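Asks: A single structure is presented below for examination.
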Amino acid sequence: MDNWKKISFLVGVFAFIREFRPIEPFYAAYMTSPYINCTVEQVPTELYAVGSYSMFVLIIIIFLVTDYVRYKPVLIIDGIGGVLHYMAITNRPSKFRIQVGQAFYGFFFSAEVALFGYLYAMVEEKEFYQKITGHARAATLTGKFFSSCLSQILATTFGTPPFNALVYMSIFGMSSTTIWAIFLPPVKNSLYFPNKKKIEETSMGQSTVTIYNPQKYKDSQLSIEAAPNQEKIDNPENNSVVEPEESVISSLYKDFKQSYSDPYVRKLCFWWAVAMGGYLQVYAYINVLYSYVLEENEDTKFTLYNGAAESLNTLIGAFSAFAISKVNWNWYSVGDIFFAVGSIIAASVLLCCVYCRNLWYIYAFYIIYGMMYQTMLTIAESEVAKRLNKKCYGLIFGFNTFIAVCINTIIIYGVIQGHFIKINIAQQFLIYTVLYALLALFFFGSSILKMFKDEGIVEYN
């Protein structure tokens, strides 16, 4: 079996079992149930907020140390963090225990950045990045589908979600994730932290400079080439003995600057960070919206189909992510329109969630949103990865996730906890609508500028 297929399979299995968390579709319902008896208002402001602040602090640490420990240990600890998160909410937990569990959830989410970093670090051939990204994304969503289906079947069978059983099943899933991660093949070399103090030029001795060359994109999907003056580097400074701290900081800064010097990478990373910030909010608070709508409608007889909605969301998202990985388009040429249209569709369905009070329609809107987000994210990740040096994956992916978490944290602090403005859960979705609408406008504008540039009307860098 080819190496890229083997690694894609192993990471796919990890991603699948990592998403086996059957309590997730009914987490908000569990928090507001008689077992715990939190109010709909307390769930986002006092419980979810702790997880968001934990993400904000830990994501900085995670993306800085991911390469130092060579990815795999982070994946192992990721599973352990998930186990501790769900253990904290077993057997009628107190609010303090739940908040402790949310702190571990923050770590669990933050460590996800190592998953795709590990995937790209283990596969040398960049021409397969779109495929392996689609496979990993599809595996993640298929795991969510299986997990959500199981939780919905149990909820329908028992007439109400068996919350405690779902929590213990989630613990089993996280334990299995940890065990699988232990047997993943290790990344052999740390790229920023060599074992010796002598810093030698290895992969950076070839091309680490991404040349922005739009002309090449008319005939090819890739535009990565060696800089003329860097085809071969034999600089005495590269072989000099320096302090590890100085070399690491210098190397991080250089790679960060070079990676974001490509306008195409900057543009996709901008979409990635903002869209993920919105997704974190939607994914966390859609279940709270379900409870809010039922409470507002004073409907105590409606059977929740949160698990069914989540399973369809992930199944269709998995299919679209897998399908888009097979599409052989020149994304440099068509990407702006693709992201603009996808973002406006996402904004439209989120706007419908603001005013709709029919839970069936809200389920449908959420499914459409998930499909569009996962499809666009698959392309954004693979296209960025193609244009990065191997050693930059953890750094750039981590930084994008950090910006997303910053956006998420600002919304939590300013809107959900009411420090800037105070609105209800349905009105929160108007904020998410604005985020995606702005992304759509940005990419529509970018496509127009590109069209003018191709016609020789304007020039831009």
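Just so it is clear, glycine is given a Cβ too, placed from its N, Cα and C backbone atoms.
Sequence annotations record features per position, and here TrEMBL assigns transmembrane segment to 46-66, 73-90, 102-121, 165-187, 268-292, 304-325, 337-357, 363-380, 392-413, 425-444.
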Asks: Is it the case that the transmembrane segment (392-413) and the transmembrane segment (46-66) touch, counting contact as three or more CB pairs under 8 Å in which the residues of each pair are 6 or more positions apart?
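Replies: Contact confirmed: at least 3 Cβ pairs fall under 8 Å.
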Asks: Using Cβ distances below 8 Å and needing 3 or more such pairs, separated by at least 6 in sequence, tell me whether the transmembrane segment (337-357) contacts the transmembrane segment (304-325).
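Replies: No; fewer than 3 Cβ pairs under 8 Å.
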Asks: Hey, which bits of the same chain come close to the transmembrane segment (73-90), Cβ under 8 Å, at least six residues off its ends?
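Replies: Sequence-distant neighbours of the transmembrane segment (73-90): 14, 18, 21, 23, 30, 62, 65-66, 97-98, 100-102, 104-105, 107-108, 111-112, 114-115, 118, 164, 167-168, 170-171, 173-175, 177-182, 184.
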